[in-house]
C-alpha cells in the first residue's frame, strides 16, 4: 500500500526498540555483542521449532481443517516453550561467561551486571522476534494494494505493526523478569513469564478481531513493564521524582559515586 | 496473525494472496513499429494503477474525464463505448490510467473496424507514378467504416476482457466498493486494477533496430528490443518445381492462384479474420481439392502455382518477399515465368450469387494485358476502379501482368468488421443447427460452406481454362462443400507473429494449411521413418521436387495410430520483409513492421486505502521517538534505590 505505509509500519514496529538501542546500548560494545548473541539464540529456537512444524505438517493430512488448526496451536505452544527454554539456556551461558569475563578484566567489578545482561538479551530476543514477525508483511505493504479484497480487515498492516511493537517490548521485559527470577530462585516468576508469553501468542488466534488480541497484549505489556521496572530496582518514589523534574536536586543531595 | 495462515498453503506468500487477485487470462494490446511511427499501447515499467470505473453511460464518461474525485481511473469499457471518439478522449485525458475493454456481442455496434480506411495505401501499386488518381483511395474508399484505432499510439495499457467469469469478478469488486451511492462519491477503500504491459521498443523500427544492433555489438548480454514480423508462405503447384534450381525455370509458364493467410485486430494474437481471411483460405483449398485430380489426369499446358501469403495485413510482407525473391532469381520461378494471376479476396459474404472481379485499369491500358484479362473474366463487363488491397498489387509493382482479384464486394468491403475481433463465425453467417456435436459440425454443410464451394468451383474451372486446359474436362471439376470444413479455421488466430515459435518454426495456422495441402495433393509412400526424413538416399525419391512428411495417421478404434510417409510438392518459403534483408529499416517500398519485446504482461486487482490513512502512520512514530530521548536522559534517577 505504498511507501508511506511501509515506513509508517516499520517505524511503529521498530521505532522504540531502535531508539532504546541507540540511546542505551550502541555506545557500549559489550552490550552490543550480548544483544546480537541473544538475537542469535532466539533464531536457533525458531529454527528448531520450525523444523518440528515442517515435519509435522508434511506428515499431517493437509485437507483436514481441524487437524491443521490443531497443528497450528501445537506449533505456537511449542515455539513459545522453546523460546523460553533458550532464554534459560542463554541465562546459564551468561552466568558462566560472566565468571570468565571477571577473570579477564582488570577491574574488580564486573564490566556488565546481570541486570544489564537481562535487558540486553531481552531486547535481542525482541529484535529478532519482531523482524521475523513483520518483515514479510512490510515487504508486501510496499505494493500498491492493501488487504481487504477478500473481506479481511483493512487494518492488517497497522495491527501487525502494533503487535510487533508489543512483542519486542514484551521480550525485553520478560528478559528482565526472567533473569531476576532465576537469580532469586523465584520459580513462580519464571512460570509467570512463560504463561504470559503463551497467553500473548495464543490471543492472536482471535484475529481478525484485532481489539480482542491487541488490548489483552497491551494490558500484559503494562503489567510486565511495571514488574520489570520493580525488578530493575525502580520504585514509585523515584518515578514521581523523575516525572516532576525534581531529580536534579535529589541527585545533588544524595550524590554517590557509581 | 497466525490464524490467517490456516487455510492457505504453507509455502506461498499468504499476505500477497490477501491483497491481490491476479487475473489469469490477459489479452493485451502491444506496440508495433514501422519505419516512421509506433502504434499500439504501452504501460509504465512498474505497471499502471487506477481506481476501477465501469463505463456504461455518458455520465460515467464525464465522471472519469472530469468530475470523479479519485483519478486516475482504470476504465472498464462496455463494448458499445469502444469507438474512436471515446478512445481519443481517453487518450487526451491525464485521468485515465488504462482501459479494459469487455469483448462481447451485447451492445456491439453495427460495424466496427479498427483498421484504416485505405489498407496498405503506401505499399500497394497505386502511387504518384502509377495511377495517381487512384492512389490513396481517391478512386474508391475500400474500408469506409474503418476508425483507424489499431494505428493509434496509446500511452496507457489497453487490455481485452474475453473471459466472462473474469469480467464478473471485476464487476463484483466494482459493485462492492466503487459504486456511487445517490450520486455521491464512493468511500475508501476502493477497488483498483494494475496493468503491466511495458514495451521495450520506442519511436520507430529504425531506432529500435539501431539500438538492438548496438546491444548486439557492445553488450555482453545483448537485449533485443524488437523483432520483425515474419513467418512462412505456403506454396504448391500442379506440376512439381525443382526447389534447388533457382531463377528462371525453363519452359514453365505459370498461372498463380493466391490468397492471404493472415489477419489482425486491435489486440495481440487475436485475429479470427473469418470473412477477411478464412473465406479465402478455405476457397483456395477447395479449389485445389477440385482441380488437382483433373490436372494429374489431363494436365493443362501451363503449370498452376497456388500460394498462401502470410503477413499481408502489414504492408504485404509475404507477397513482397516472394516478388523480391523472384526478381533476385532466388525462387523456383521468376517474373518471366508468370503468365497471369488470380487472387481470391474476401468472398464469404456474397449477397445472392454475385461475385465481383477486380482488375487494374492502368495495366489494362496495355492491349495484351487487356486481352488476357478479358479472357479471364469470360467477357463480363469491366469496371474502371482500382484493385482492392491484395497481394496482386505487389506483383503489378514489379511487372504488368494480367490478373484478377475476386471479391464479394464492388466498391467497398461488405465486411463490416474488417480486421477486428468481431470478424468471426457469426460475421460469416456460419450457423449450425442446435444439438450437433463438434464432430458432426465438422462435416455439416452450412450455407456458407455451399457458397464458398460454388466460388471454389468457379475459380478451379477458370484456372484450368487459364492454364490452357480443354473445356471438355471442366465438368469434372467441382468443389465438395464437405471439404470446406470451415469450423476448424474459425477458432484459430491468424496474427502473423514472430519467427521461431513454441511448436516449431512456423505459425500453427501455416503448418495446418501446409499439412492440409499435403493431404490433398500428396501421395502416400511406403517409406520408413528414417527414409522419410532422408529421402535423398533413395534413388526413386527426389528431395528437390517434393517434400516428405512423416504423418502419425488417423486414430484407429483401439487408439493406436499407424504412421506413414507422405510425399507432396508443398513447400514453405520465408515471409520476412526484404527491408530486413537489405537492412533498409526506413524503407518506403517494403514493409518495415516490427513487434516490440516485453518482459511481463499481467493484470491484478486489489483495494487501495485513502491517502490520509497512509500519512497518519508516520506521524504516530514521531511521538514515540521524542519521548524516548527524554526517558533515557533520566535513567540515573529512575533506577536508584
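Glycine residues also receive a Cβ, built from the backbone N, Cα and C atoms like all the rest.
Looking at A:95-116, A:117-138, the range tied to transmembrane segment in TrEMBL is A:117-138. Within its own chain, the transmembrane segment (A:158-180) has Cβ neighbours under 8 Å at 8-10, 12-17, 20, 38, 84, 87-88, 91, 114-115, 117-119, 121-123, 125-127, 129-130, 133-134, 137, 186, 189-190, 192-193, 196-197, 200, 204, 207, 210, 213-214, 217-218, 220-221, 224-225, 227-228, 231-232, counting only residues six or more beyond its boundaries. Residues 41-42, 44-46, 48-49, 52-53, 56-57, 60, 62, 125, 129, 178, 193-194, 197-198, 201-202, 205 of the same chain sit 6 or more residues outside the transmembrane segment (A:68-86) yet have a Cβ under 8 Å from a Cβ within it. For the transmembrane segment (A:6-25), the list of distant contacts is 31-32, 35, 120, 123, 126-127, 130, 133-134, 137-138, 141-142, 157-158, 160-162, 164-165, 168-169, 172: same-chain residues at least six beyond its ends, Cβ to Cβ under 8 Å.
Against the transmembrane segment (A:187-206), stretch A:218-236 has more CB pairs under 8 A than any other of A:32-56, A:117-138, A:218-236. Beyond its flanks by at least six residues, the transmembrane segment (A:218-236) meets 115, 119, 166, 169-170, 172-174, 176-177, 180, 196, 199-200 of its own chain at Cβ-Cβ distances under 8 Å.
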